[in-house]
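Below: one structure, written as structure tokens.
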Amino acid sequence: KESAAAKFRRQHMDAGSSSSGNSNYCNQMMKRRRMTHGRCKPVNTFVHESLDSVKAVCSQKNITCKNGQPNCYQSNSTMNITDCRETGSSKYPNCAYKTSQKQKYITVACEGNPYVPVHFDGSVFLPATPLPSLPAPHKHRLLWLEGNNSS
């Protein structure tokens, strides 16, 4: 059986290439990477960066995954990615996709030993606030009270 890490590489890694100027990129890649077998996968993202730099995200900014799990990580810098989104006219087995190339921060879920990406959780134009560095609650209120007492 395909491991979660291998599945991540198959579905999301396309290092050393780019979709720029190729509106057919998603149609070709979604088929080539077996995401149109049995059904059309509605949305998928390919990352055009080295596997090492995507693996490194697992030691970058820890954030909560969309499903509430705590093992997601956001990249410290933007990455060259391609979003593939099924078009309205797409009908299995003739899956059709719109190709959009972007520079965004990516979020991946990581697990295992070695700790590697196993799920692509999303991408954003603006970085998130990491989990541990959220401000401690009530701190500003305490300071305000202390400031008042000294008057």
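A Cβ is built for glycine as well, from the same backbone N, Cα and C atoms used for every other residue.
As annotated by Swiss-Prot, region 'Disordered' applies to 1-25.
Of all the Cβ atoms in the protein chains shown, 14 others lie within 10 Å of the Cβ of LYS7 (substrate binding site). Residues or ranges marked as substrate binding site by Swiss-Prot: LYS7, ARG10, LYS41, PRO42, VAL43, ASN44, THR45, LYS66, ARG85.
Swiss-Prot lists HIS12 with the feature active site, proton acceptor. Listed in sequence order, the residues of the same chain lying 6 or more apart from HIS12 (active site, proton acceptor) and placing their CB within less than 8 Å of its CB are ASN44, THR45, PHE46, VAL47, VAL54, PRO117, PHE120.
Taking Cβ-Cβ distances under 8 Å and a sequence separation of 6 or more, the neighbours of CYS84 (disulfide bond) in its chain are TYR25, CYS26, MET29, MET30, VAL43, ASN44, THR45, PHE46, TYR97, LYS98, THR99, SER100. If you look up Swiss-Prot, you'll see CYS26-CYS84 (among others) marked as disulfide bond, on the strength of similarity to another entry.
Taken from Swiss-Prot, the feature disulfide bond covers CYS40-CYS95 (among others), and the record attributes it to similarity to another entry. Cβ contacts within 10 Å of CYS95 (disulfide bond), excluding its own Cβ and spanning all protein chains shown: 21.
Annotated disulfide bond per Swiss-Prot: CYS58-CYS110 (among others), in sequence order. Other Cβ atoms within 10 Å of the Cβ of CYS58 (disulfide bond), summed over all protein chains shown, number 20.
ASN62 (N-linked glycosylation site) falls within a strand segment according to DSSP. Residues or ranges marked as N-linked glycosylation site in Swiss-Prot: ASN62.
The annotation disulfide bond is assigned in Swiss-Prot to CYS65-CYS72 (among others). Under a cutoff of 8 A between CB atoms, and with a sequence separation of 6+ in the same chain, the neighbours of CYS72 (disulfide bond) are ASN62, ILE63, THR64, CYS65, LYS66, THR107, VAL108, ALA109, CYS110, ASP121.
All chains included, 20 other C-beta atoms sit within 10 angstroms of the C-beta of HIS119 (active site, proton donor). For HIS119, the entry in Swiss-Prot reads active site, proton donor, with the evidence type similarity to another entry.
As annotated by Swiss-Prot, O-linked glycosylation site applies to THR129 (among others), with the evidence given as similarity to another entry. Using a 10 Å radius centred on the Cβ of THR129 (O-linked glycosylation site) and all shown protein chains, the other Cβ atoms total 11.
Positions annotated as O-linked glycosylation site by Swiss-Prot, on the basis of similarity to another entry: SER133 (among others).
With LYS7, ARG10, LYS41, PRO42, VAL43, ASN44, THR45, LYS66, ARG85 listed as the residues that bind substrate, the site has a largest C-alpha separation of 22 Å. Among the recorded positions CYS58, CYS95, HIS119, the residue whose Cα lies closest in space to that of LYS7 (substrate binding site) is HIS119. A simple Cβ count within 10 Å picks out one of the binding-site residues LYS41, ARG85 as the most packed, and that one is LYS41.
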